[in-house]
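*Asks:* Input: one structure, supplied below.
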């Protein structure tokens with residue numbers, strides 16, 4: 001068969017073109033492969049640097065748990081740390097504490113009125129030695145029924161606001177195992193501030209409070225201003241003083257501080273002072289995390305402090321935080337030798353602290369944690385002993401030892417040290433401090449020492465330079 005002229009040429013051109021195109025594609029493919037490899041390498045390097053940064057940040061993260069029974073002083077210690085290391089944040093929060101201070105005042109007034117009714121109505125049938133002594137002390141005051149009826153009538157509008165104020169602060173969360181509507185929970189700051197970042201929903205002049213909380217706070221403020229003289233009269237009444245001195249009226253530890261300052265608290269432009277923030281009573285429910293930076297030897301460490309609810313029903317919430325805790329600061333209120341748990345009236349509070357400390361020392365999850373013991377509320381212990389309260393009446397094992405601060409405090413210290421020696425599974429050192437959280441200077445000296453010791457221990461374990 002004959003071939004057409006030019007047939008070979010016409011068939012070779014596509015082959016050359018194909019060869020040319022394939023070479024171009026190969027070069028282009030090689031370029032993209034190299035570019036992809038460069039991008040991938042860059043991503044890998046960035047991921048590695050990010051991992052190193054996160055690892056370094058994690059190594060510089062110090063997790064400290066504040067443990068102890070309810071009302072042991074954990075939240076006050078957290079505020080002391082914040083006051084020392086992050087005072088600007090605490091200053092920013094001052095307006096938010098205003099409704100909590102009012103709540104403390106309202107609760108104190110309500111408790112006095114309730115206890116007055118109970119004591120005065122039952123005094124005539126109380127034939128105990130103590131009861132007869134109180135009746136004898138009250139006798140010169142005459143019939144008090146009309147006087148206290150007048151004060152109660154005046155103070156009813158103030159006392160009636162306690163539950164609504166507590167409800168707004170707690171976000172409607174009820175507390176089981178004790179009085180309802182009395183305590184507010186952890187994270188209450190988020191509940192009393194508006195949700196919007198620019199706080200556009202906040203009412204003018206409320207310090208950033210949410211409208212609902214601002215409204216009830218404003219009403220509490222106006223009511224307190226109107227009846228401040230009656231609150232002062234009730235607090236300073238001779239009958240109330242007699243019942244307090246004879247321990248027939250028992251108030252929260254913060255109550256005397258705020259009632260003594262009622263004229264200051266009842267001012268229209270009232271803003272809580274540092275002393276107010278440290279004295280205010282706010283029971284923690286759940287676990288609250290607080291974060292601030294600490295500088296030591298030219299390096300910055302992120303301090304994560306966990307303030308936990310100490311009531312028996314809440315202690316199970318502690319466990320998830322145990323595994324990687326750098327340190328445990330255990331607070332034991334040794335002033336509570338004459339008090340019993342609200343959730344178990346048969347258990348002495350010092351005995352409960354010893355049992356709880358035993359559990360902490362023997363917990364395997366905490367075996368590598370730095371351990372600090374603060375025997376707290378020494379100021380209240382001194383006052384009780386000076387007032388003649390006998391330790392042996394409540395703790396029979398104390399026996400005939402002298403009822404002095406030196407002897408009593410050493411007795412409690414020895415018991416906690418003995419618990420540590422017997423039950424600490426890792427035989428670690430125990431650092432013991434006598435503390436009064438309301439003494440700012442002394443507490444902050446301790447905070448510096450404790451903070452540095454914890455961080456140095458952390459450095460030694462993690463190998464940080």
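Even glycines carry a Cβ here, placed using N, Cα and C.
Caution: TrEMBL annotation is automatic and unverified by curators.
Features from TrEMBL:
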- 278, 279, 280, 281, 282, 283, 284, 376, 377, 378, 379: GTP binding site (BINDING)
- 284: Mg(2+) binding site (BINDING)
*Asks:* If you draw a 10 Å sphere around the Cβ of residue 282 (GTP binding site), how many other Cβ atoms fall inside it, taking every protein chain shown into account?
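*Replies:* Residue 282 (GTP binding site) is surrounded by 21 other Cβ atoms within 10 Å.
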*Asks:* How many neighbouring Cβ atoms, not counting its own, are there within 10 Å of the Cβ of residue 278 (GTP binding site)?
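*Replies:* Here the count is 22.
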*Asks:* What is the total of other Cβ atoms whose distance to the Cβ of residue 379 (GTP binding site) is within 10 Å?
*Replies:* 16
*Asks:* I'd like the Cβ neighbour count for residue 284 (GTP binding site), meaning other Cβ atoms within 10 Å of its Cβ, all protein chains included.
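*Replies:* A count of 23.
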*Asks:* What's the most sparsely packed of the binding-site residues 280, 377, counting other C-beta atoms within 10 A?
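*Replies:* If we count Cβ atoms within 10 Å for the binding-site residues 280, 377, the smallest count is at 280.
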*Asks:* Could you measure the widest C-alpha to C-alpha distance across 278, 279, 280, 281, 282, 283, 284, 376, 377, 378, 379, the residues recorded as binding GTP, and give it to a whole number of angstrom?
*Replies:* 23
